[in-house]
Amino acid sequence: MRTYIKAVKIINPASTWHNQTIDMLLDEGQIIDVNPSGKVDADLIIEAKQLYASPSWVDMRVFSGEPGEEYREDFESLAKVLEAGGFGAALLMPNTNPTIQNKADIKTILSHNKSHVCQFLPSAAITINCDGENLNEMLDVFQAGAQAFTDGAQPLWNSDILVKSLQYLQKFDGLLINFPQDHKLALFGQMNEGKTSTGLGLKGIPHLAEEIVIQRDLELLQYAGGKLHFSCISSAKSVQMIKDAKAKGLRVTCDVNIHHLILDDEYLESFDTNYKVLPPLRTQKDIKALIDGVNEGVIDAIVSAHQPYDQDHKKMEFDLAEFGIMGAQIVLPLYHKFLSDQIDLETFLACIESNPRKILKMKQSKIEKGVAPDFTLFSLDEKWVFNAENNLSKSDNSPFLNTDFSAKVLAVFNNRTQYLDSKFTHS
Amino acid sequence: MTNLSVKHLLGIKDLTADDIQLIFQTADHFKEVINRPIKKVPSLRDITIANIFFENSTRTKLSFELAEKRLSADVVNFSSSNSSVKKGETLLDTVNNILSMKVDMVVMRHSSAGAAHFLSRHIEANIVNAGDGTHEHPTQALLDTYSIREQIQDLKGKKVAIIGDILHSRVALSNIYALKKLGAEVLVCGPATLLPKYISELGVAVSWDVKEALEWCDVANILRIQLERQQLKYFPSLREYSLYYGVNKKLLDSIGKEIIVMHPGPINRGVEISSDVADSKQSIILNQVENGVAIRMAVLYLLAQKRQN
């Protein structure tokens, strides 16, 4: 299919077209022309106000329901969510049933990729069933294609296991991802510990539960060597500690859940379980430090931490409801509505594109004539409402359902195939 | 003001000072009613109330039931000490089943903080929170402050110490909200492990010393040690607690002034309060129980009135 994209501004520092507004012609799996002259014949013309393109995005933290809990999210629905969210790749956490931890599991996930725009990158458990105690066969799953090693939603609480994993993974320069939370300090906790939790009578999870693990892990990283990535940091002090560690030359990176850049713990005043998430939503002071962390390059990536749960896991008493917010479909709209005056577009895109690619050792994509198209096309002036009809997830645990947005992903080109917004497929 | 600002009584936090005064004035009237030879009025005779208790309760349940019967409401009771979820039915299903039998108001006690808020978002009936986990117990705070008001008229500027397990106490939180709205000064006292770390941000003073708290206050509200709600270990032993945080006659005599002593019950005699204090003339524990019926009548009456409007 011959596709003509008109007046699109390229955000891709590695491209010769960076920051320029161009016309692009795609055909037969290639960008065949840039700024073509004369009349252009095309099967599809894509035109939109404030149209941008950047190499396709990468979400570093996504939870699938499949295998085991397909009613929450299966591979098909997850792929649709991610594609509509602009993602050409996503790192899947291993916390499924069964846990993603052997060659067959990895191959099953990878086999899904053949026909899809969004490529699932499997991460494999560090410990068997993410129990935190028994090392998984990491060399074997690496050979099968595991992109990173993590116990996902489970923090690695055992210092000895963390040291050994960091050492073991160095054979192939493997990436270890830890979700930093001290189990005992967070035990029975429901939300951030502070004035709001006190007023609600809910047991709090102190900032300390995260900070103490980051402090410990950085010491262990210095001792063991290797590469460590912290997932979903939420506290101002964590940003500072990681900044200091980077300055010392440690190979440490980190990401933040986009919701933690926008929402604070006061949203829990009404006991709405859609705001119940781990780490818990913190305070305005933390939000400011996290945004500064993104702008200063301390925080490398922004993730959706897409964690889908249906009503049966959320519409209930607060302490019984599951932790998690889904959100991979609305990362750009959230950024545009709530963060675009504090984080510039290029920085935001680096956090969902070039930085994750670097951390996960993926190839860096370029938008150039003659290469296979691998980019996300989005408009920053496209009004829409995220609602039950256009939510592509099987779940609906988002506090942003029925929110109006004015930014939208319009297409993703990758893997010789494409996702197109319904306005192009219906016309 | 003749109407509450709220449709449900979920917590004191949602009430205005005027709401509280209206409840007090209405309770004054009902207190007079329940001391008549014929203790009943027909105010709620077209109203059906379900008392749904997912946690054990003796006095609160009895008090609500009496209040409802004194107002001539039709009453149904449902109790389950086990969580309904464990039985495979969700809270919402359980309550909706009861409501489909045409119930107008629900009085609910539940072990989860926010359970009453949750219900209020999903069902039509008026909800009265009879205690939700470690969050609020609004009618207890109303009857506590009403009982103080009976003794010392105006709470403005008065000093109230809440002593004991503040961390697990819905009574403490509701009392803090009510007392602050009525202009009283509040101090919480207990072992540091039983005081929420950020409690002072609610505008209360904090002490780890019982004698200091007693010397400071005009009224001491002594709370029960909530062993059943403690999921972790917070202090070494009941013996040590009673020695260092229990209120006894000797301690009370040593402060050189007469203060009012309260307890929401049930009392652990010899743990947080000694018998010679609980049964002393300084204690208004039984007044609290009596006032509980009048306060609950007032709350139910005003919510029903709001419903009709």
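Glycine is treated like the rest: Cβ placed from N, Cα and C.
If you look up TrEMBL, you'll see B:7-150 marked as domain 'Aspartate/ornithine carbamoyltransferase carbamoyl-P binding'.
Cβ environment of B:Thr60 (carbamoyl phosphate binding site): B:Arg109, B:Ala130, B:Gly131, B:His137, B:Thr139, B:Gln140, B:Gly292 lie under 8 Å away, each six or more residues apart in the same chain. Under the heading carbamoyl phosphate binding site, TrEMBL lists B:Arg59, B:Thr60, B:Arg109, B:His137, B:Gln140, B:Gly265, B:Pro266.
Contacts of B:Arg224 (L-aspartate binding site) defined by a Cβ separation under 8 A and a same-chain sequence distance of 6+ are given as B:Gly164, B:Asp165, B:His263, B:Pro264, B:Gly265, B:Pro266, B:Ile267, B:Asn268, B:Glu272, in order along the sequence. Taken residue by residue with DSSP, B:Arg224 (L-aspartate binding site) is part of neither helix nor strand, so it is coil. Per TrEMBL, L-aspartate binding site is recorded for B:Lys87, B:Arg170, B:Arg224.
Here TrEMBL flags B:156-303 as domain 'Aspartate/ornithine carbamoyltransferase Asp/Orn-binding'.
Counting other Cβ atoms within 10 Å of each Cβ, the binding-site residues B:Gly265, B:Pro266 show the lowest value at B:Pro266.
Report note: the carbamoyl phosphate site is defined by B:Arg59, B:Thr60, B:Arg109, B:His137, B:Gln140, B:Gly265, B:Pro266, and the residues of the same chain whose CB lies within 8 Å of the CB centroid of those residues, excluding them, are B:Ser57, B:Thr58, B:Ser63, B:Ala130, B:Gly131, B:Val171, B:Pro264. A gap of 16 Å separates the Cα atoms of B:Arg59 (carbamoyl phosphate binding site) and B:Arg170 (L-aspartate binding site). Contacts of B:Arg170 (L-aspartate binding site) defined by a Cβ separation under 8 A and a same-chain sequence distance of 6+ are given as B:Gly131, B:Asp132, B:Gly133, B:Thr134, B:His135, B:Glu136, B:His137, B:Gln140, in order along the sequence.
Taking H, G and I as helix, E and B as strand and the rest as coil, DSSP gives the domain 'Aspartate/ornithine carbamoyltransferase Asp/Orn-binding' (B:156-303) the counts 66 helix, 24 strand, 58 coil. For the recorded site, B:His137 (carbamoyl phosphate binding site), the DSSP three-state label reads coil. Candidate binding-site residues B:Arg170, B:Arg224, B:Pro266 yield B:Arg170 as lying near chain A, with Cβ-Cβ distance under 8 angstroms. Across the residues annotated as binding carbamoyl phosphate (B:Arg59, B:Thr60, B:Arg109, B:His137, B:Gln140, B:Gly265, B:Pro266), the two Cα atoms farthest apart lie 16 Å from each other. A simple way to gauge crowding: the CB of B:Arg59 (carbamoyl phosphate binding site) has 14 other CB atoms within 10 angstroms, across all the protein chains here.
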